[in-house]
């Protein structure tokens with residue numbers, strides 16, 4: 001690297017000293033004066049998604065956007081991130097603009113509802129003011145806004161049905177993100193904005209889908225996750241979950257456009273054991289021979305559901321497999337978890353009764 005001459009260095013030092021006097025210590029600095037460490041992240045609770053994000057989860061101090069069609073799992077992902085943060089002693093704020101949070105479902109996903117800070121604002125302005133106050137406190141580790149589409153401007157609420165309010169919500173979001181972005185970074189908070197899809201009228205080529213709230217969130221978000229339900233998971237005639245795919249559409253902290261696939265089981269959330277089996281097979285840590293799954297000398301079971309059930313009943317084996325996968329991708333090791341087997345689960349599910357993924361549209 002070239003060396004800056006003495007006169008330039010003196011001028012820079014003088015300018016920096018003047019800036020610090022005017023704006024305070026820390027307002028300007030040399031990047032090399034501070035330890036550059038790997039970016040801190042909060043796990044998503046899904047091994048495959050942590051790998052796809054490149055840093056082991058969602059980055060701290062950044063804005064995250066999760067969007068997709070209805071009932072695709074957007075809130076489930078946000079609640080899993082909240083639960084993972086709480087496990088590490090983090091505080092979570094939840095702006096429930098849709099007024100639709102189910103506390104019992106959140107509890108099943110591992111969220112400590114007693115310590116969850118929740119607000120159900122009357123207007124979009126109120127919701128974003130509360131969000132800013134929580135972030136500015138410096139005590140919130142994860143803030144979830146559910147959803148951007150439900151942040152209705154005050155003028156629209158007080159107006160008549162049928163009144164035109166073009167661009168009001170976009171202006172509201174643009175102003176809010178300008179104010180929030182710097183504070184979120186300084187307080188090392190993860191701000192998750194859940195968003196809905198709309199369709200643009202008259203689009204002939206390309207996707208007509210767009211997200212609500214204008215373009216500001218697309219620019220300010222460091223990570224954008226497109227979540228889709230791709231299949232139904234059946235046991236007999238009953239649908240017991242969804243097969244879900246997430247595509248990382250934007251990523252400022254790692255290479256984008258990676259994908260993750262996993263099961264979201266009803267009343268359970270993301271199937272951690274199912275994810276370990278899938279990624280383990282892909283990475284050849286778990287061996288699959290016909291319908292049988294094995295890990296070294298340990299036979300996990302015949303059929304994917306038996307393998308999942310074995311890992312639920314033997315969390316030490318699941319942890320060992322997961323940490324081998326994490327080591328391969330330079331991710332921090334996982335801690336021991338205990339997941340009880342589902343109520344009424346048979347000790348050995350035959351391969352014939354294995355849960356099937358319905359590929360019909």
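For all residues, glycine too, the Cβ spot is worked out from N, Cα and C.
As annotated by Swiss-Prot, ATP binding site applies to 68, 69, 70, 71, 72, 73, 74, 75, with the evidence given as sequence analysis. Counting only residues at least six positions away in the same chain, the Cβ atoms of 66, 67, 68, 146, 147, 194, 195, 227 sit under 8 Å from the Cβ of residue 74 (ATP binding site).
The region 'Disordered' annotation in Swiss-Prot covers 342-361.
The annotation compositional bias 'Basic and acidic residues' is assigned in Swiss-Prot to 344-361.
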CB within-chain contacts under 8 A for residue 73 (ATP binding site), separation at least 6:
227, 229, 242, 244, 264
Out of 71, 75, which of the binding-site residues has the smallest number of neighbouring Cβ atoms within 10 Å?
71
